[in-house]
Every structure is written in structure tokens, then in C-alpha cells.
Amino acid sequence: MQPGVLAACLLLSWTHCWSLPLLNSNEDDDLSEEDFQFAESYLRSYYHPLNPAGILKKNAAGSMVDRLREMQSFFGLEVTGKLDDNTLAIMKQPRCGVPDVGEYNVFPRTLKWSQTNLTYRIVNYTPDLTHSEVEKAFKKAFKVWSDVTPLNFTRIHNGTADIMISFGTKEHGDFYPFDGPSGLLAHAFPPGPNYGGDAHFDDDETWTSSSKGYNLFLVAAHEFGHSLGLDHSKDPGALMFPIYTYTGKSHFMLPDDDVQGIQSLYGPGDEDPNPKHPKTPDKCDPSLSLDAITSLRGETMIFKDRFFWRLHPQQVDAELFLTKSFWPELPNRIDAAYEHPARDLIFIFRGKKFWAPNGYDILEGYPQKLSELGFPREVKKISAAVHFEDTGKTLFFSGNQVWSYDDTNHTMDQDYPRLIEEEFPGIGGKVDAVYEKNGYIYFFNGPIQFEYSIWSKRIVRVMPTNSLLWC
């Protein structure tokens, strides 16, 4: 039996070893006994401690707290060793069934295929899609990996393939039972004989070729990464990140983290059709520029490319998320954002459209057009926006101009637009992002931010953009 399969079986055999509550919570979080049971089951499934021989380290409460700390670190959360609302929310997101630690990295050798010509076979189909749609999704998913490596994938219709693909429910014959709708979506085994390379999909899910339900192509591309020998990635922008996020209808490009991982196993291919693979931003990059900033219920949301950093007022370390993991309906990248606290809304802009999220939910009737706010046709996008609660005014920045909007009358103020350089001397002719706090406006222009005093109407400090993220 393949060592990875043996480790998986040993892992599962200890799944129900503990019954006592082994975790503590933050006092401010109202968590139920069911929440603790769910969290402990999650940690046993995805953060089960194995030694190199594949044997469980039974250390009861201490071990479980260690697993929780490891899980919090893996997902970029504040590492407390205590169960809290943010940690539980991550645990409850739909995800891959392969453990985040242990199974792939307990063996001293690298798990990879010795040959570059691999076969796959579709054993059965989901009733959610036509046979043609399923076949197209799997073919496209394999192409994600063959585009950047020397690997070739050929479908066979009979016999045993290197990668056997099947749909099943609950206990389906491999000691890794599925759990019904949501939760665990699919799993795959590392390269090798027997189960090695095989990918299984939970047929209690609703599989689609769109944003509804779970997109089969995206889940399959992730699982086939495991079939080729990849672990889960800590990079929230990576395809191999364990949590499912629908990333949009546009042309899929394999992120750089995944390219580096798969090429470390198999090397590069002859010709990459997408030589520029998206990278996850580094918050401490000295040349960091931002797309948008807004507050949201006391937190600060800092947008860059497909991502945003979520900065809690009591924490130094910002958490990084894909924008679509919070708001699947939004574009991958945004231009501007601001909060309207009195309405408990944020407004998010991209091109000539804007959306109004209330928490995770976007209000009905959105997106709307910029013209609804009174912008003329020649305004193609908003580059930054900031709302002032005491005056009911919102400033919009577009190109080298600034506009003032009256939220009470729902009209643009007269004598606007004005030139940014004349209205706020010294900050330059454009604004990438802006926010207001304690009587100061913070303007971001490339790698520089300007602290501007509303009272004295002058710049009082100039700082690097990345200092906002404690760099």
C-alpha cells in the first residue's frame, strides 16, 4: 500500500478518540457546545498530529490546542490557541478534504510521478451536469497543470488509469467518508499505486459550471494538484489554498505560488501560454500601492489586486483574504470604496458601476451606474472615495479632479469638480486610495501616504504606504 494511503487510514482510525472538550474560547465570543465539538472534529480531520511513522501523538488537550494554534497560523489568523468567532468562521467554510498538515510532509521523500505522460479515467458522473460539461471541466482542469509543466494527460475509457476520477457520497470505499452538502467538497491522493492519484468528489454537493453551487472546474483543478503531489498552500491567492472560493468567469490564470510549487516537482513546460501569473501582494513591499481603503464596522479593509487586508484595531497583524471570499458577486479587483456608517453600508466601485454591501450581503438593485450619483458620461471610473459622517459629504476622486457629493440632497455640490492639487496642495495630482480618521485625511499616492489635517488644511506627515500595515 502507498505510504500516503497508510497514513490517511491511520489518521482516520483515530478520528473519534477524544470526547472531552479540549479547547477554550475568548470570553467575548458566545460559542456553543456544538461549536466546540465541530472545531475539535475539524482539527482532528485536518491538523491531526502524526509522527514520521504515521502514528498518532496522543497528547490530549495540549495537542489539540497546538493543532488550533497551527490552524490559526496556517490561515493567517491571530494565533491565540483559543477558539473564537473568526477561527470558527474559517472552519465552517467549504473546503478540500485533504489535511493541511501531516499527510504529504511526514515522509522524507517527495511524492511525484516518475513519468510525464499520465492517464485519467472518469469512472462515473454527477447528475448535476451533462456528461459533456463534466468532461470539459476535467479536461480544462488538467490543462491548468500541463500548461506550465512537461506533463501530458490522456483520457482512457476502460481499465485502470493513473488518476481515477469518481463521484460518491458519505462512505465511498476509501476510508475518507464525505459529510453531505457543503463542508468537505472533494479529496485526492498523492501519486502512487492503488488509490494514489485518485480524485473523489462529493455528489451531495451541487456541481456547476458557474458561480452557483460549487464550480467543478475549480475544485477539480485543486484536487488534481494533490494528484500530482502538491500540498495545501498557506497563500490565500493560491489554487492550492484549502478553502473554496469562486474566482470569477474570466479566463483562469494559475497563480504564481502554484506554478512555483508544481515546477519544483516537474520543471517548466516548453511554452507557457500565460507567462504572467498573478502574485499575492506583500504588505511590506516598499513599493506597495493600494487600490482602495474603507472602514467596516470598526475594522479597516485595505484592497490590493484580488485581495484585501482586514486590519482589526486591537491587532498588529492584518489578515489577507480574496475579495471574492467575502463578496462573490464583486469583480476580482476594485477601484474605490467607502463606508456610510449611518446606513451600515459600504460602497464599492469598479469602472462605471458601484455596489452596496451590508456585511456579506449586497443590497438588491445593485450594481448601479455612476450616472445615478450625478457623474457626467466622461467619468469612466472613481479612483478613491471618502465619506465624512459629520457633514454628510462624500469626496470622489477621478483622474486629477475631486467631486463633492451631498448625501442629504443626493446631489453633487456646486463648484465641483475641482483640481485635486488646488483643493489639497502637496498630495500630487492623483489619489489611489483615501480614508479619514480622527480629523485627518490619509491620501495614498503610489508608495507614499500623506496625513492631511482637516483643521489646518495642510500636510502634517508623509509616510510609506506600507506603514498602514505596520511595516
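Glycine is no exception: its Cβ is also placed from the backbone N, Cα and C atoms.
Among the candidates CYS96, CYS284, the disulfide partner that Swiss-Prot records for CYS471 is CYS284.
In Swiss-Prot, the feature N-linked glycosylation site is assigned, of ASN117, ASN124, to ASN117; the remaining candidates carry no such note in the record. Residues ILE293, ALA385, VAL434 are recorded by Swiss-Prot as Ca(2+) 5 binders, and the candidate that the same record lists for that site, out of ALA238, ALA337, ALA342, is ALA337. With ASN194, GLY196, ASP198 listed by Swiss-Prot as binding Ca(2+) 2, the candidate from ASP162, ASP179, ASP231 annotated for that site turns out to be ASP162. Swiss-Prot names ASP335, SER383, ASP432 for binding Ca(2+) 4. Of ASP282, ASP285, ASP291, ASP305, the residue it gives for the same site is ASP291. What Swiss-Prot records for the Ca(2+) 1 site is ASP203, GLU205, and among ASP100, ASP128, ASP317 the residue it adds there is ASP128.
Per-residue pLDDT, averaged along the repeat 'Hemopexin 3' (379-427), amounts to 95 for this model. Considering only the recorded positions ASN158, ASP174, GLY180, SER182, HIS226, VAL434 (Ca(2+) 5 binding site) has SER182 as its nearest partner by CA-CA distance. In this structure, of the binding-site residues GLY180, GLY196, the smallest number of CB atoms within 10 A of the CB marks GLY180. The shortest Cα-Cα distance between ILE293 (Ca(2+) 5 binding site) and any of the binding-site residues CYS96, ASN194, ASP203 is the one to CYS96. Counting every protein chain shown, the number of other Cβ atoms lying within 10 Å of the Cβ of ASN158 (N-linked glycosylation site) is 6.
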